[in-house]
Amino acid sequence: MKNIRNFSIIAHIDHGKSTLSDRIIQLCGGLSDREMEAQVLDSMDLERERGITIKAQSVTLDYKAQDGQVYQLNFIDTPGHVDFSYEVSRSLAACEGALLVVDAGQGVEAQTLANCYTAIEMDLEVVPVLNKIDLPAADPDRVAQEIEDIVGIDATDAVRCSAKTGVGVGDVLERLVRDIPAPEGEPEAPLQALIIDSWFDNYLGVVSLIRIKNGTLRKGDKVKVMTTGQTYNADRLGIFTPKQVDRDVLNCGEVGWLVCAIKDIHGAPVGDTLTLARNPADVALPGFKKVKPQVYAGLFPVSSDDYDAFRDALGKLSLNDASLFYEPETSTALGFGFRCGFLGLLHMEIIQERLEREYDLDLITTAPTVVYEVETTRNEVIYVDSPSKLPAVNNIQELREPIAECHMLLPQEFLGNVITLCIEKRGVQTNMVYHGNQVALTYEIPMAEVVLDFFDRLKSTSRGYASLDYGFKRFQASDMVRVDVMVNSERVDALALITHRANANVRGRELVEKMKELIPRQQFDIAIQAAIGNQIIARSTVKQLRKNVLAKCYGGDVSRKKKLLQKQKEGKKRMKQIGNVELPQEAFLAILHVGKD
């Protein structure tokens, strides 16, 4: 056991986590050179296309150190994006140490900080690594100083390497073996294994990634899930070298995978503890704190025949992504679907793309909203995650919106622009600290403004240099109203949105104008209106298509023309009464882009 090292790699987006993982795998001979490819651990197509890590992946490697001993390295590559911070905290729970990778050109960023603090809170040994020293813009001494000033860990002898060229990666491994402690645990004690992650395989059922804290697990053992009390047979187990390799036993302190032929997706929940049926442990391991979704949106299949397939797909995805929440929902405009909860907009996009790609579904998404706290006139407090669930205006005593605490790190020259942006988003500044050329800003901004497009706008006002980390702080009373959209004087529930009264008129007008461009012209006039309660705040009309009925008249009497026009008018009127308007998918996406341009 003393030769096992469990560690994660944490870093801000694009600081080179996945490339460093590649080099480590190559150095330890986990894959032959022929099988090696760039970003070996980003196995999803989506991850490769966007160049981001979404799922944490684990690998077991053997490393022969300079002291002649062979060490077993279990390491987990984690995502850097704020929306996937839950993946990071789960990975860290399985480790004794973490490599903090910092880009020697860009320096410390907000996400580096957030993930690093998570690691320190969990009592992990943090080893700083300065990556990308081969870049002309690299300034390792300045960055080492920054790590000490901002993060507060000693970085004077931080390892310097370049994951791309492979320089200094050997030193990283030596430092790892030296500084990160070996796992603690009792090989003879009853088995306690933590489920870090699980996913669904069509042939094997549920595959779980586990970390053995105490005891040992052998092939063929009967294991028991501690929260549900169900027992399963350990059919196959092994490790990833990134390839799946079968083993007969997983020892204390190791990280590996386990297949128990569990067909039910909720059979082995993530964060649960496995133990042996014949000799169970007394207590479960502390799991992970459940994350609360911050953004909700309705997802509906385009054709209602796909509903069952959609439900199964969501079940399988939520097994793999424990932070996804979903419940059934019906909408008059869109039929049956699900109300899903996400950690942020990127998370929502990724889930939607994964559903469309991996499960071949066509989906319509409604506008994302956050959770509001409503105190009704009966003094009940309810939580509303969808505009259609909001009670009528006269039943609401107080509406409170969620406030997010945003920590931003940015170079000084962009300070003015970023502060202007925060004020525009109704933000309140709570703190500002200068570290050398960097400024650390703390603002309290309504969550609805943050999840809509704050991140994109922040990046564009600061030319990509500012970084953001945010978390829910509290609910605060605010003057929010629901804006309804009426097409042909029928309310379309899927298009309603909740917004601040000050922005309601502008948002309503923008939305109505946008819808006007997207709804195809019909044989009759279509009125599109935005309303707060019964008060109409904006309107536009999609003009009808009409045939030129006078084309066949040459000169002649005006009453003849009037008769033809009158006849056409009556026809149009009749059409308008029975006609209904098909709304295209783009119309629902229009809400997402209101206020972007």
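We count from 1, first residue shown onward.
The backbone N, Cα and C atoms fix where each Cβ goes, and this holds for glycine too.
Residues or ranges marked as domain 'tr-type G' in Swiss-Prot: 2-184.
According to Swiss-Prot, the GTP binding site annotation covers ASP14, HIS15, GLY16, LYS17, SER18, THR19, ASN131, LYS132, ILE133, ASP134, on the basis of sequence analysis.
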Listed in sequence order, residues with CB under 8 A of ASN131 (GTP binding site) and six or more positions away: ALA11, HIS15, GLY16, LEU20, VAL101, VAL102, ASP103, ALA104, CYS161, SER162, ALA163
Mean of the pLDDT scores, which run from 0 to 100, over the domain 'tr-type G' (2-184): 74
Residue among binding-site residues ASP14, GLY16, SER18, ILE133 with least C-beta crowding, 10 angstrom cut-off: ASP14
